[in-house]
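Quick look at what TrEMBL lists:
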- 85-99: compositional bias 'Polar residues' (COMPBIAS)
- 131-586: domain 'Major facilitator superfamily (MFS) profile' (DOMAIN)
- 81-100: region 'Disordered' (REGION)
- 206-223: transmembrane segment (TRANSMEM)
- 230-252: transmembrane segment (TRANSMEM)
- 258-286: transmembrane segment (TRANSMEM)
- 298-317: transmembrane segment (TRANSMEM)
- 323-343: transmembrane segment (TRANSMEM)
- 393-413: transmembrane segment (TRANSMEM)
- 433-451: transmembrane segment (TRANSMEM)
- 463-482: transmembrane segment (TRANSMEM)
- 488-508: transmembrane segment (TRANSMEM)
- 528-550: transmembrane segment (TRANSMEM)
- 562-582: transmembrane segment (TRANSMEM)
């Protein structure tokens, strides 16, 4: 171990001094002396090659953050054997020792570094995190969407099935035989083709989402204490297995309702580990700057997963509804394997440090060393009750309850509603209804990005979310009344409704959750992120379970009653944010006063 090093700073454009015989230096080495007029700083990054060793030092001069320097390092002492009593159990350093870092580093990244001959860069890790977490949660939603596509096959109720030709050259075929409008495809599957089949499907949804919501709280608490890569991998492989097991009911000729109920409950349990894990990983790698826009774009994985799940499940129907479950199940298992091999959970896990320039630029207080704060905060995760007490968590969690009630009612019942509603006087096939329903998710992609961008520009998360939820009320009304007039009116109104319904849902589950998980009241503790995310999305998932369940019963009497429930839910969601909206507007008005103080808080959520 290096006992003492002396560094001499040169500009980044300069040439570091050659140091004979130096081939590697420990990440955990403490810098004891700094040449020139620089004060003591913190280790930024170590990169060695042969007899050269370059260190980037983040130096401070009082509260002023200086630019990074390339430093030449002089070795002054080595301890080849150190007594056990001198070994510190926890050095408190943000960086781990090289051996510990290698143990935590994913195997795929280790292989990449061996082939490249150099460590992976910070920016490459950021890109890798975005891609893998995007694919991960998109595959979660793809498996979740299959049930809604297959529902109308399991429980066919439409006697006069016509074929609306959209788009006929890709998806539609004449499924009617000479004896009537029914075919083997539309005979249903016991027990879901009985008179109470629609209610049974609603109970299946409740079982999945109920376990998902409960598991979310435990998964978030667990996610702040274990390796998120392992937790996410187990969740994805388990989800794939039980998704395929639901479809295996067709191959095994199973008609027991409790088999399908149990399989869906297990699938919900494994899926609950997904969202807290991916949000926590992304939060570990990205600061608050433009978080709404970045996470709004990243959150398109929800809609991309819904769209791909709909298209895959609809395309597999011609081979049998079991394949609509089996194929997405195999896909998520493959993505889970990629996550295990390549996902870097945080900078400290792979022995590099994040770009502290952007992070520190967002903070007003520059006096405390960031690395010390992080190392101290890593010792203890935030408790469940403490996370609930963070300002803004409770109102946004309750708001998401009603937002997800609306969004998941569409997620699980929109294809069923389309296939059982005459559009332009004709009915769509199950395949065409599944494809058409993807336009709701296309609108959701636009809504998520738009909501994130607006909230960044206004610096007002609550105001943006409330505006979208209130605007969704007339959109829901018009879709119910005028959506059946023609195919084109259905497409346009479905797109707008998806944009306004999914916009606040995407904003709250991503940017808002991450903001609150790194709230100023936590004093730099970053280990609350998964817990806060789980609380907010777990509460929302309870609403996601209630909505489809109520729809299963209400739709048997009237779909107008379902839309009334959805409009009332959107209204309550907006009203729950009224206090935060007033606080944000007041802060904006105060900041525009000529005599306003220059140090007003930038986020009213931290005030509330």
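Glycine is no exception: its Cβ is also placed from the backbone N, Cα and C atoms.
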Result, the transmembrane segment (488-508) in contact with the transmembrane segment (433-451) (3+ CB pairs under 8 Å): yes
Model confidence over the domain 'Major facilitator superfamily (MFS) profile' (131-586), averaged pLDDT: 81
Proximity of the transmembrane segment (323-343) to the transmembrane segment (298-317), 3+ C-beta pairs under 8 angstroms: yes
Tertiary contacts of the transmembrane segment (206-223) (same chain, 6+ residues out, Cβ under 8 Å): 147, 231, 235, 261, 264-269, 271-273, 275-277, 280, 381, 384, 408, 530-535, 537-539, 541-542, 544-546, 548-549
Maximum Cβ pairs under 8 Å to the transmembrane segment (528-550) - stretch from the list 258-286, 393-413, 562-582: 393-413
